[in-house]
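S.K.: Pasting in a structure now, in structure tokens, and then I'll have a few things to ask.
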Amino acid sequence: MSFLSMSAPSGNVFMVVAPSGAGKSSLVRALLDRDPSLVLSISCTTRAPRPGEQDGREYRFVDQAEFARLRDAQQLLEWAEVHGNFYGTPRDRIDEATRAGHDVLLEIDWQGARQVKQRYPEAIGIFVLPPSIDELESRLKARGQDAPQVIARRLLAAGGEIAHAPECEYVIINQEFSVALTELVQIISAARLRFSSQAVRNAQLFSQLGIPAAH
């Protein structure tokens, strides 16, 4: 009979995916306030900062040349062009955090999530849906950040983005923010209680109790 050994800690990778305006960023900020142990992966982007955003907090804001340098140097785990701007996830921070046993949270688009899955097959995708396209349009307009033609372009793209929801393990319908946040917290908690996660985080205890490794 094989038993669990003292394996190196390995954290979970959570990916929050959504079309623009579904409430992804607000949910991620609220989740981090609720659970500071989560490590937010700070993506690089060539888009301009939105009101209230700070470089190095929500995103690392870079120009096209710097983004190209990072991409060409293979320093990005994934990258994609979304609504005319480039987004990418630095590789080192995720590797270091998961090796140290920390859970990592990525706020990402479906293209990036697909690439992350190639590197981390056990990554958990959480797709956030709006309650309706009409509500999505209302939220985009209420943000007051985009011109009408930009909003129209985002709405046009939303259908294609939503079509990739089946690629995620979980789906949250963000109709009531407090309910959606509770559901997001529950997903994180449930993932941490999986046998595979508990076996790594509590390897010594499992070994002492004689719990066999999962096959």
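These residue numbers are counts, starting from 1, taken along the chain as shown.
Cβ atoms are placed via backbone N, Cα and C, with glycine included.
I grabbed these lines from Swiss-Prot:
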DOMAIN    11-189  domain 'Guanylate kinase-like'
BINDING   A18, P19, S20, G21, A22, G23, K24, S25  ATP binding site
S.K.: Given a separation of at least six residues and a C-beta threshold under 8 Å, show me what packs close to G23 (ATP binding site) in the same chain.
M.R.: V128, P130, R139, N174, F177, A180
S.K.: Neighbours of the ATP site A18, P19, S20, G21, A22, G23, K24, S25: Cβ within 8 Å of the Cβ centroid, same chain, sequence order.
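M.R.: Result: V128, P130, R139, N174.
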S.K.: Enter the number of other CB atoms within 10 angstroms of the CB of A18 (ATP binding site).
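M.R.: Around A18 (ATP binding site), other Cβ atoms within 10 Å: 28.
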S.K.: Could you tally the C-beta atoms, other than its own, that fall within 10 angstroms of the C-beta of P19 (ATP binding site)?
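M.R.: Taking all protein chains shown, P19 (ATP binding site) has 25 Cβ neighbours within 10 Å.
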